[in-house]
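Student: What Swiss-Prot shows for this protein is this:
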type	residues	note
ACT_SITE	99	active site, nucleophile
ACT_SITE	195	active site, cysteine persulfide intermediate
BINDING	11, 12, 13, 14, 15, 16, 17, 18, 37, 123	ATP binding site
DISULFID	99-195	disulfide bond
SITE	124	site 'Interaction with tRNA'
SITE	341	site 'Interaction with tRNA'
């Protein structure tokens, strides 16, 4: 008796990575279906699958059924509103990590339920493995493309049904495969922008998303380290920790944004040295590779996507108003620990988990 093929749904964006992932799974013998998640459509959308004319290759071997799922309303509520509210709270959001959890994986698993699929797959550059009774997440082998930082919110339920075919490949290898598979997206350029922010201009996006915002917040005070007013800003939501450009102040030394006060509409500045800290508190912790720790533990952590993983001690603090919290103590000072961004914890190449940065703690003065 012929063994039934496992059915897998691949999230298709129209780009080269997801298309190559789908073709690799076809070659590996899976029954492959494509799912294109529509997130920027008008109206409320629906969660009913609809057939799509999308094709990924001119070769009949890779002609797979493709469906669409309109998640526009959910995307507005879960991602776009979050993005807007974080900036209004003087925080710097990371919409991609939220989208992966609440839109991509949730949508793919909903599609899998409707189509009777066993697994879901994406074109992310990361790896999974089942070791010692736990589904684990690892960095992609291509360090320039590794996307494990954006996947720290995933839980055992999602990882147990996830295939990441590109995790062991480099981007040039993926391009070569795309050409060999006859993919229409083989030479397509990558987009580095947030999909709903035209030209990556988040300031203009906020002004359109919050009518009257500019008039309401422009003209607030810019303060130097002593609290003296040295200028007026364009509106606190348009600044982020570590920013230097756009302050419009003339001082003897370069000044950087060190803190933002949304209630007082104030932007605090200081020298570059004021951006450094060795400790930060994080909330909304999610653990993947280990059970939640109850005692201090050693790891490494990234505080932004392109950051290098720095040695640290994770100190659990227990429940707080923003969820379970921990304090991260770095061995060496880190610059611009920005509220709203993610701190993602690693042990070697394995992602242990992560949390949302709530704020840096002042450095202890040298005796």
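Placement of Cβ uses the backbone N, Cα and C atoms for every residue, glycine included.
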Student: Considering all pairs of residues in 11, 12, 13, 14, 15, 16, 17, 18, 37, 123, annotated in the record as contacting ATP, what is the maximal C-alpha distance expressed in whole angstrom?
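Tutor: The widest Cα-Cα gap among those binding residues is 16 Å.
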Student: Can you name the residues of this chain that are 6 or more positions from residue 13 (ATP binding site) yet have a C-beta less than 8 Å from its C-beta?
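Tutor: In sequence order, 36, 123 meet the Cβ cut-off.
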Student: By CA-CA distance, flag whichever of 11, 15, 17, 124 among the recorded positions is nearest to the residue listed as 'active site, cysteine persulfide intermediate'.
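Tutor: Closest recorded candidate to the residue listed as 'active site, cysteine persulfide intermediate' by Cα: 15.
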Student: Give the sequence-ordered list of residues that share a chain with residue 17 (ATP binding site), lie 6 or more positions from it, and have CB atoms under 8 Å from its CB.
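Tutor: In sequence order, the residues whose Cβ lies under 8 Å from that of residue 17 (ATP binding site) (at least 6 apart) are 123, 124, 125, 166, 174.
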Student: How long is the line from the C-alpha of residue 15 (ATP binding site) to the C-alpha of residue 99 (active site, nucleophile), rounded to the nearest angstrom?
Tutor: 17
Student: Here are the recorded positions: 37, 99, 195. Which has the lowest count of other Cβ atoms within 10 Å?
Tutor: 195
Student: With Cβ-Cβ distance below 8 Å and at least 6 positions apart along the chain, what are the contacts of residue 11 (ATP binding site)? List them in sequence order.
Tutor: 18, 35, 36, 37, 104, 107, 108, 120, 121, 122, 123
Student: List the Cα distance (Å, whole number) between residue 99 (active site, nucleophile) and residue 341 (site 'Interaction with tRNA').
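Tutor: Roughly 14 Å, rounded to the nearest whole number.
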Student: For residue 124 (site 'Interaction with tRNA'), just give me the three-state DSSP call.
Tutor: coil
